[in-house]
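The structure appears below as structure tokens.
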């Protein structure tokens with residue numbers, strides 16, 4: 001056939017190679033399944049045969065984790081009845097929900113639901129007896145499920161069949177029994193959740209067997225793991241009330257224990273992993289850091305060719321369960337293929353809470369050398385505004401107009417329900433309502449409720465607040481199906497400062513909606529206060545912070561692939577990086593921690609807390625621009641790299657008023673089409689990204705909407721610094737709504753396939769709150785590193 005078609009014999013070799021690759025991948029997956037089954041069937045024999053350390057049960061690694069064979073025997077005896085419950089759940093709950101979600105799925109059904117004969121196994125149980133409330137019991141269960149299950153489904157309308165033939169799940173599940181009461185059943189409610197994403201592996205059948213192809217199998221498992229995270233990974237949880245009087249909402253969405261502010265400053269004496277001439281010449285490394293607090297993941301910028309990098313970045317993370325929750329940091333050397341491991345660090349957050357402030361050098365684990373300088377601050381949540389002015393002064397938020405920077409408060413929003421929503425574009429049909437909430441440049445979105453004008457969400461959201469006296473909470477209810485607004489609401493956060501317990505719990509009347517359209521929310525504001533402990537003058541806290549033992553094999557991998565997803569549930573649990581002040585440039589100070597007040601003094605010396613990346617306070621220029629740290633799809637890393645490139649171009653000389661160039665835009669709103677029209681004409685005097693110039697294109701968002709569907713892009717102009725685009729784009733939005741929005745325009749360098757020459761060339765943020773928007777205007781805008789420089793018409 002190949003000869004008849006005139007094709008090369010290489011196609012046969014390519015097909016054979018692909019087939020061998022697929023079979024090898026499936027064989028390795030089957031081998032892991034058999035090994036896990038052997039461990040569960042005869043644990044002692046499997047250990048004697050030499051199981052890998054990462055496969056050993058938890059009680060081998062952790063002396064405070066106990067075996068629970070009695071519990072495993074109980075689960076084994078109950079397993080047939082558990083299987084009956086699961087099958088009933090699939091057929092009576094999941095199947096009707098899938099059928100009702102879309103008309104194309106009306107013939108969806110499960111043809112077979114068999115969870116398998118192998119029961120869930122609990123490898124170890126840890127009960128916390130210290131640092132816990134007396135009215136609660138906390139247990140950590142090391143669970144493993146290796147099931148030869150068969151779950152088959154089909155959609156008869158499209159003759160589509162798919163299914164799952166085996167599942168592996170391994171993780172740490174936390175069970176909280178609270179509150180303890182004096183009447184039967186002694187426990188008010190049961191809460192269950194995973195401390196971090198469980199390890200998941202699935203073997204597919206039918207049409208979904210395509211997901212087992214190498215490259216797709218990891219992606220499919222990651223997507224499903226993210227779906228599990230939305231329901232079962234901290235801060236999400238399943239709460240089962242056991243008595244009627246318990247406050248279920250308070251247990252499902254508890255207030256965080258505190259906020260951890262991580263100053264990721266610098267490292268020294270790292271290993272050089274880069275090599276040249278096939279390893280004959282050793283080079284340096286391109287280090288970057290991965291910081292984890294529970295399910296929240298942050299990634300620092302990459303410092304090129306440096307074994308003593310200085311990052312000077314700050315991250316803020318919510319801490320919900322500090323018994324058992326740690327700060328995990330891993331350093332990697334960025335490479336084109338696989339990033340090399342440079343060391344790790346694990347710090348128990350109980351120790352940080354006790355000290356309140358730690359500023360130390362830590363020795364990296366799992367590597368022969370390397371140190372990391374961190375400053376950790378434990379921020380307590382205060383239910384009143386008595387310390388707000390002092391906090392605002394400490395972070396310099398009382399004198400600037402920025403919406404982003406170091407946080408002074410935490411906003412917790414409980415979205416309950418809505419009533420009497422309008423029908424949207426089609427009067428005869430019910431809308432698919434979804435709620436979009438934003439504070440400054442941070443936006444979050446609720447789940448979609450289908451075909452109802454009285455939706456119930458019962459979801460929780462959190463926002464880091466820079467200055468509650470100046471910022472507002474904006475809420476908009478939209479119809480996802482017809483992409484139109486069903487009503488909006490604006491709540492000044494200053495209103496919460498005068499409310500009782502800084503809380504509003506009520507139904508809010510929606511604007512630009514029906515006459516009786518309301519949305520019920522509970523909004524609470526908490527001030528973030530750093531408590532300074534009284535210590536004797538000679539007190540020195542030790543750097544020997546408790547580091548829990550964790551399997552080396554389970555951690556020694558880069559998580560850059562995981563960074564592409566959401567940073568956290570709803571995106572609310574992470575904050576964009578902000579720079580830290582006070583990092584030392586002297587090589588001889590790595591053994592000496594800075595005094596606790598050093599960082600705060602640096603903040604007093606500087607005009608604002610959200611300044612650009614700076615060195616020690618002695619080298620700060622008072623006239624250096626103070627950009628916002630607006631969280632854009634263009635990461636702060638790209639902004640910092642652009643700023644560094646701009647300094648290299650400056651090279652001691654003074655650049656013009658527009659060192660990054662300009663972009664010409666026409667902006668107007670069409671009332672007839674009910675759309676915002678943006679015409680991208682051209683750019684001029686862009687900076688060269690490489691020796692061949694730049695390959696610029698323009699990307700736009702209408703903030704706070706940062707979804708992929710809301711992105712607009714021009715074509716790429718090759719090797720030019722003065723590209724001409726002349727392309728028109730539109731956004732479906734009404735005039736009253738668009739005047740509350742901001743147009744985010746970024747000029748980027750495309751680069752080639754697998755090229756490193758990709759990055760930000762400049763940005764501009766255009767406020768659309770103008771009365772001239774209906775008439776429109778054409779204007780040249782100056783490009784800056786982050787788009788915050790005030791724009792003037794030219």
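Placement of Cβ uses the backbone N, Cα and C atoms for every residue, glycine included.
As annotated by TrEMBL, signal peptide applies to 1-27. For 64-243, the entry in TrEMBL reads domain 'SMP-LTD'. The domain 'C2' annotation in TrEMBL covers 242-362, 387-512, 659-781. Look at TrEMBL and you will find 534-634 tagged as region 'Disordered'.
Note on the domain 'C2' (387-512): DSSP counts are 14 helix, 57 strand, 55 coil.
The domain 'C2' (659-781): residue composition by secondary structure is 10 helix, 62 strand, 51 coil, according to DSSP. The DSSP breakdown of the domain 'C2' (242-362), given as helix, strand and coil counts, is 12 helix, 59 strand, 50 coil.
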